[in-house]
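Per TrEMBL, the features are:
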DOMAIN    39-478  domain 'Major facilitator superfamily (MFS) profile'
TRANSMEM  41-65  transmembrane segment
TRANSMEM  77-99  transmembrane segment
TRANSMEM  111-136  transmembrane segment
TRANSMEM  166-190  transmembrane segment
TRANSMEM  210-232  transmembrane segment
TRANSMEM  272-291  transmembrane segment
TRANSMEM  319-338  transmembrane segment
TRANSMEM  350-368  transmembrane segment
TRANSMEM  374-401  transmembrane segment
TRANSMEM  413-439  transmembrane segment
TRANSMEM  451-471  transmembrane segment
Amino acid sequence: MSVDNMREPLLKNHHYYKDCPGCKVEQAKELNHGVSVTNLFIIWMVVLSSTLPASSLFPFLYFMIKDFKIAKSEADISYYAGYVGSSFMLGRTLTSVLWGMVSDRCGRKPVMVIGVFSVVIFNTLFGISSSFWMAVITRFLLGCLNGAIGPTKAYATEIFREEHQALGLSTVSVAWGTGLIIGPALGGYLAQPAEKYPHIFPKGSFWDKYPYSLPSFIISAVSLVVVIVCLWMPETIHNHKGGNVSTDDAEALENGSNKVEKEKTVQKSESLFMNWPLMSSIIAYCVFSLHDIAYQEVFSLWCVSPPSLGGLNFTTDDVGNVLAISGLALVIYQLTVYQYMEKACGPVGIARITGIFSIPLLQSYPFLAMLSGISLYIFISIASILQNIICVTITTGLFLVQNRVVEQEQRGAANGISMTAMSLFKAIGPAAGGTILTWSQKRRDAAFLPGTHMVFFFLNVVEGIGILMMFKPFLGEKKKTLSDQLH
């Protein structure tokens, strides 16, 4: 039998609406069993553009706060830095559910375009901030308007066939993880250009007056290109009532059997907050998100802190080098290794396994400060690679759970709830991480967990809570078949 003859019954088994963008996507998935590299690239760029501004400030934030002259002592800089980092996620907390609902009603595409375009405006303004409060406000507004991540996760499950959804969501995860690494690398390399590259950016120039504007401008320029590219991306939301109805279901209804319709109605009307598989995965995701953002903040601040405070005394370039190496390793891992590990162990299983290894790894960080020279660079790079791989593995697994346990009509709202809860925890993370780091650096002579041993201990406590939650049942009794699939 020819390929065309094999595909023909599949197309006849569904009723598609001619002018519906969602139906066109479904038809394309029926005809093409492969993966669209173009769609993968668009998803990757949208998430990357939304993530870069969330992390690019970490390497230079210490020096930015110092230039604002708001901190009374050097040890207090991390305290104020935490509030600048938290303001972005606070804004996301307030608007993520709204953006998710808008994407369910108006489409994924417009929300993604608006979210990326907000980076162009407010990340540029952040780069030329001249005061602490200007930095906080521009970051907060950026968080409020950048609601692209949740709809993009929903889009990644809708644009691909079911067997390729893991690849689609792993693309979201790797773009997120890559952004959390490339962002600080850009910030480290490009901040204070008049000091690092005086032959290109002379003293007294615009770049000397606004030393942290260059990384922000570069990210905004990339985001503008992404906005233009997104104008050609396909929409996945249906513009008619109900999804595609198979001819088998239609015949059953015509014969008086409404069992299928009742099952669909009950499933779609089920409250998202009563969906235990969804809510439990969101709770675990929030805990790991708190750990992730706190780690990113603490790691960058710890690296640039002086040895007298237990830090590594790195320059922003040094931090950029370590994170760039981690980003390259992360991309290779996600595109070559993760999907095979996910098939072998399941998304939750592989997240549990990698999470356990994170605890001894993190607690070894303070001992790395005892090294110097090339050995310090080698070991801190290896530790950073492993920690970032663990973080991305866990979040990808939880992404898969969240998007497989809801229908398309609820997927945007579900991801909005997830983003809201996650953003709340991530709003707490930088402030809490910066505060605990400041406190730990002031107790270097303590008998129990002196200095930075304490801040990494706190990170491990959060990690341990998340791991314990993943050993509890993720799925309720009504989802046994799906539970078998995920575990």
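Placement of Cβ uses the backbone N, Cα and C atoms for every residue, glycine included.
Note that the coordinates shown come from a computational prediction; the quantities given were computed from them, not determined experimentally.
Counting Cβ pairs closer than 8 Å to the transmembrane segment (210-232), the top stretch among 41-65, 166-190, 413-439 is 41-65. Comparison of 41-65, 350-368, 374-401 by number of C-beta pairs under 8 angstroms to the transmembrane segment (111-136) places 41-65 first.
Proximity of distant same-chain residues to the transmembrane segment (77-99), defined by a Cβ-Cβ separation under 8 Å and at least 6 residues beyond the stretch ends, is recorded for 53-54, 57-58, 61-62, 64-66, 68, 70-71, 111, 115, 132, 135-137, 139-148, 150-151, 293, 297, 301, 413, 416-420, 422-424, 426-435, 437-438, 441. Note on the transmembrane segment (413-439): residues 75-76, 78-94, 96-101, 103-104, 143, 147, 149-151, 153-154, 272-273, 275, 278, 282-283, 285-287, 289-295, 297-298, 301-302, 402-403, 406, 452, 454-455, 458-459 of its chain, located 6 or more positions outside it, place their CB under 8 angstroms from a CB of the stretch. Residues 71, 77-78, 80-81, 84-85, 88-89, 112, 115-116, 119, 123, 126, 129, 132, 135, 142, 146, 148-149, 152, 155-156, 159, 168, 171-172, 174-176, 178-184, 186-188, 191-192, 211-212, 215-216, 219, 222-223, 226, 229-230, 233, 296-297, 299-301, 303-305, 316, 319-320, 323 of the same chain sit 6 or more residues outside the transmembrane segment (41-65) yet have a Cβ under 8 Å from a Cβ within it.
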